[in-house]
């Protein structure tokens with residue numbers, strides 16, 4: 001094929017004219033079509049006409065596309081669902097029939113033992129929607145369907161009857177209902193439900209706290225001694241641990257419970273173990289007075305740690321206890337631990353756990369003083385405060401089910417009067433009734449124990465001079481009833497759950513009225529009535545004013561002999577630092593002062 005030359009490729013004037021003319025004709029045709037579709041304004045320029053024609057084409061394409069989509073949708077619809085063939089009355093009837101069929105299906109599933117959570121539209125006020133709590137700490141709580149169906153009046157009656165006050169800073173969770181029956185607990189394992197078989201219903205603190213704890217919220221529980229606080233935090237703890245993957249179990253503490261005394265730590269441990277074993281969880285109790293080696297070995301595989309603040313802090317400092325993965329932290333009897341001067345140890349322990357927002361922190365206390373409030377504001381995130389009883393402020397108040405009797409006697413007559421009381425309440429059908437006798441000092445407890453034993457009574461003792469093995473043996477003998485009389489110092493006055501204590505005798509009044517309230521709290525537990533008799537002497541007159549206030553607050557009689565000592569209430573003295581103690585934040589550093 002011959003090559004084309006430049007002359008061949010160049011257009012002559014005629015060819016160029018034909019090409020331009022053809023372009024103009026095509027442009028005129030497009031303009032004519034656009035005029036037929038939409039007549040442009042008389043003053044429009046050629047450029048405006050071209051733009052308008054493009055917009056018209058786009059609009060026509062859009063309308064055609066919408067029409068095709070509508071036709072395709074109408075072809076897919078069945079005749080019964082055609083809008084043109086269904087009147088308003090027919091539509092309402094269809095919706096009603098669908099609701100009825102859905103209810104019947106759910107009822108059949110329930111009979112077969114299946115469970116399905118669905119949202120059914122309801123127009124009546126009888127049904128309450130299932131509320132789901134906010135998620136925190138990786139846990140989720142869904143309210144039981146039967147609990148949601150209860151009328152609100154029944155829930156309000158339960159809260160009012162049991163004097164339950166719930167303060168939630170997050171209004172979104174205020175609708176969580178108390179678990180007034182064990183059936184409403186989200187626990188399907190029969191082994192985990194076994195500890196509740198001897199109880200009719202949860203205690204008020206358990207019923208009110210469980211939904212918030214199961215939802216992963218931080219909770220402050222203010223309730224009197226013997227109200228079931230241990231199981232209140234134990235059940236959510238075990239459920240949280242059970243929800244963890246298997247590869248995260250038995251590889252170090254994921255939950256920690258801090259208690260003020262060895263006895264209380266052991267008591268909490270015994271309750272938690274009952275639930276933990278059913279879920280294959282390891283639990284260890286860490287306290288002082290025994291060798292550390294066995295505790296250190298157990299900590300390596302323990303899932304739940306129950307400990308006293310002193311021993312746990314020692315193990316942390318030695319690098320033997322790692323709480324960096326403990327996302328469930330419980331401070332039991334927080335007010336008592338602060339009174340004993342454990343605030344610094346508590347702060348160090350919590351600082352070794354995950355940060356705020358990554359852990360769930362619980363605080364249970366019998367009172368709500370300023371020191372406990374400051375601690376809660378430091379280590380808790382939007383906590384829900386649950387107060388049980390007619391004392392929502394958490395001020396010091398004795399159990400209203402305990403009958404309090406105060407006898408003013410001469411100091412030299414105390415032992416004689418003590419023997420009269422033991423003979424009165426340890427005779428006949430009351431021979432095996434448990435009586436708890438409190439003394440102020442360890443030497444006094446040893447002397448009173450020997451005096452009672454010489455008079456022929458079965459008695460045991462528990463105080464700081466005894467070894468841990470001796471204290472445990474005495475406590476077990478008293479719980480079993482083999483030794484019906486127990487002489488103790490204030491080491492046993494707080495938190496110990498000793499069932500069926502009929503009588504508490506204060507042979508010597510304690511140093512503070514707070515200790516008095518916790519002493520007598522060993523009786524009248526678990527909803528039962530109790531009796532407390534106090535031998536008051538002139539040596540105790542400094543506490544007369546505070547004692548009178550406690551008696552009046554509980555509607556108990558105040559003897560005239562006690563009123564003679566006066567009603568003045570002295571400033572509370574700190575257990576460790578005396579009356580001139582100043583409560584300061586020990587975590588803050590001092591300001592450096594320079595002199596010119």
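Heads up, the Cβ atoms here are built off N, Cα and C, so glycines get one too.
Your range for region 'Disordered', going by Swiss-Prot and the list 90-114, 115-139, is 115-139.
Motif 'DEAD box' is the annotation Swiss-Prot gives to one range among 328-331, 332-335, 336-339, 340-343, and that range is 332-335.
The feature motif 'Q motif', as given by Swiss-Prot for the ranges 180-207, 208-235, 236-263, sits at 180-207. DSSP assigns residue 230 (ATP binding site) to a helical segment in the three-state reduction.
Secondary structure of the motif 'DEAD box' (332-335) per DSSP (helix as H, G, I; strand as E, B; remaining residues coil): 2 helix, 1 strand, 1 coil. Most other Cβ atoms within 10 A: among the binding-site residues 223, 224, 228, 229, 230, that distinction falls to 229. A mean pLDDT of 86 is what the model gives for the motif 'DEAD box' (332-335).
Neighbour count (other Cβ atoms within 10 Å of the Cβ, all protein chains): 23 for residue 227 (ATP binding site).
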